[in-house]
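Peer 1: Take a look at this one; I'll ask things after.
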Amino acid sequence: MKPLSLLLAVASALGTAVSAGPAVIECWMVEDAGGGRLAKKPAALLLRQGPGTPPPRPDLEPELYLKVHDPAGTLQAAVRRYPSDAPPPHCELSRFIPLPASARWARGLTPGRSCPRALDGAWLMASVLSPIFSLSCLLRPQSEPQPEPALFTSATAVLTVLTYSPIAQIQLGQDALLDLRFAYMPSISEAAASLAPGPPPFGLEWRRQHLGKGHLLLAATPGLHEQMPAAQDGAVAFAAWDDDDPWGPWTGNGTLWLPAVQPFQEGTYLATVHLPYLQGQVALELSVQKPPKISLTPAPLVWAAPGEAPPELLCLVSRFYPAKGLEVEWELRGGPEGSFQKAEGQSWLSALRHHSDGSVSLSAHLQPIPVTAKHHGARYACRVHHPTLPTLGRSAEVTLEVAGLSGPSLEDSVGLFLSAFLLLGLIKALGWVAASRSTSKDPKEKKAQ
């Protein structure tokens, strides 16, 4: 049993290591170089390390090699969920200056318009984008000098705004739930400057941008009783801190709920969490989709005489979204030249028909060429490709019957049997009626004699 226990322990350790996510996230430090140009320098976020000092990175400037301390654990939890075989996330660093919120509805967060001295110093904003999660993390580098030579810079994650649904694909007419969570841990100087225990007031802002236009969807400042703009499109947000621990760290929820989404609600959603003089923002992409329904007529059989063309085939592709990306192919299955081939004939598509729910429909037409006896039993198929469908698409088919070559089907045999049975019953019934009439006439004739 000891070797088995050892193998289980090794497997458990390997599983933990695989699911722990990257220990280092490679980034780019992006700064304004003047004249409308941007300058980029390599940087890195060191999230975990083994015993001893961090591994050296001679390719990085010490102030851009950041050993991150995450008191709330939100950043670490997100990275642990990152698959080991996924491409590395995209990360950018930029300078951040603490400022009061500019929106009128958020002015209650900062009664004083000047920034407290406790927030002086350097700040960095880390933006990490991936299909798994999207986050922004406000980092405060350590201000105390380090022993020379400095190989890295310690930084604390003060405010982290995170979503696990950076790309949301919602079925047309269904509710959308856009995940948002955030965490805050004030630095020592901030905590010393604040006399009030418990989480600070915060503001939550959701905006939608689509086709170059943007507007405020929802704003909230829980507990401040400020005059808020009316929420749009029936949007509701779960805006609250998760706990009220006196000294933090604190986590909160800002998830947005949209009922019965429609195509006009597609676009980029910007979620911003406002703290007094600090902000964090993430972007989410919402797309609406609906797979098409497919029907083919006439069905299930189409008839034609040898040397004649079958009747026109109509493939109705109904109530799908988006309109772009739809392709229709006509196939002949089981024909004389193989199991699958392109159906010959004249084909065309109708114009789009728009429905009140935002979905669209169209019809595809095929006028097949004349058939021969070899086409008997072949099947015409309408195959539809659309972004909402699997790679092979979806299809509907009808069977071709060439006149004079098909024997009676099971339905025909059953019909003939029933017809013969009814005819036999009718003959017997008529015979019984005739016999009854002749029997009733005999006594009358005897009395007359």
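Placed from the backbone N, Cα and C atoms, the Cβ positions cover glycine too.
In case it's useful when we look at the structure, here is the feature table from Swiss-Prot:
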type     : residues      : note
DISULFID : Cys27-Cys91   : disulfide bond
DISULFID : Cys315-Cys382 : disulfide bond
CARBOHYD : Asn253        : N-linked glycosylation site
SIGNAL   : 1-20          : signal peptide
SITE     : Lys428        : site 'May be involved in interaction with TAP'
TOPO_DOM : 21-413        : topological domain 'Lumenal'
TOPO_DOM : 435-449       : topological domain 'Cytoplasmic'
TRANSMEM : 414-434       : transmembrane segment
Peer 1: Among the disulfide-bonded residues Cys27, Cys91, point out the residue whose Cβ has the most other Cβ atoms within 10 Å, with all shown protein chains included in the count.
Peer 2: Cys27
Peer 1: Taking the Cβ of Asn253 (N-linked glycosylation site) as the reference point, list residues of the same chain whose Cβ is under 8 angstroms away and which are at least six residues distant in sequence.
Peer 2: Leu180, Arg181, Phe238, Ala239, Ala240, Asp242
Peer 1: Let's check the environment of Cys382 (disulfide bond): how many other CB atoms sit within 10 Å of its CB?
Peer 2: 27
Peer 1: Sort the recorded positions Cys27, Cys91, Lys428 by C-alpha distance from Cys315 (disulfide bond) and give me just the closest.
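Peer 2: That would be Cys91, nearest by Cα distance.
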Peer 1: Would you count the other C-beta atoms found within 10 angstroms of the C-beta of Lys428 (site 'May be involved in interaction with TAP') for me?
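Peer 2: Neighbour count, Cβ to Cβ under the 10 Å cut-off: 10.
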Peer 1: Where the distance is taken from Cα to Cα, which of the recorded positions Cys27, Cys91, Lys428 turns out closest to Cys382 (disulfide bond)?
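Peer 2: That would be Cys91, the closest of Cys27, Cys91, Lys428 to Cys382 (disulfide bond).
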Peer 1: Around Cys315 (disulfide bond), how many other CB atoms lie within 10 A of its CB?
Peer 2: 25
Peer 1: What does the structure give for the C-alpha distance between Lys428 (site 'May be involved in interaction with TAP') and Cys91 (disulfide bond)? Integer Å is fine.
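Peer 2: It is 91 Å, counting Cα to Cα.
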Peer 1: Please state whether DSSP places Cys382 (disulfide bond) in a helix, a strand or coil.
Peer 2: strand
Peer 1: Check the DSSP secondary structure of Lys428 (site 'May be involved in interaction with TAP'), expressed as helix, strand or coil.
Peer 2: helix
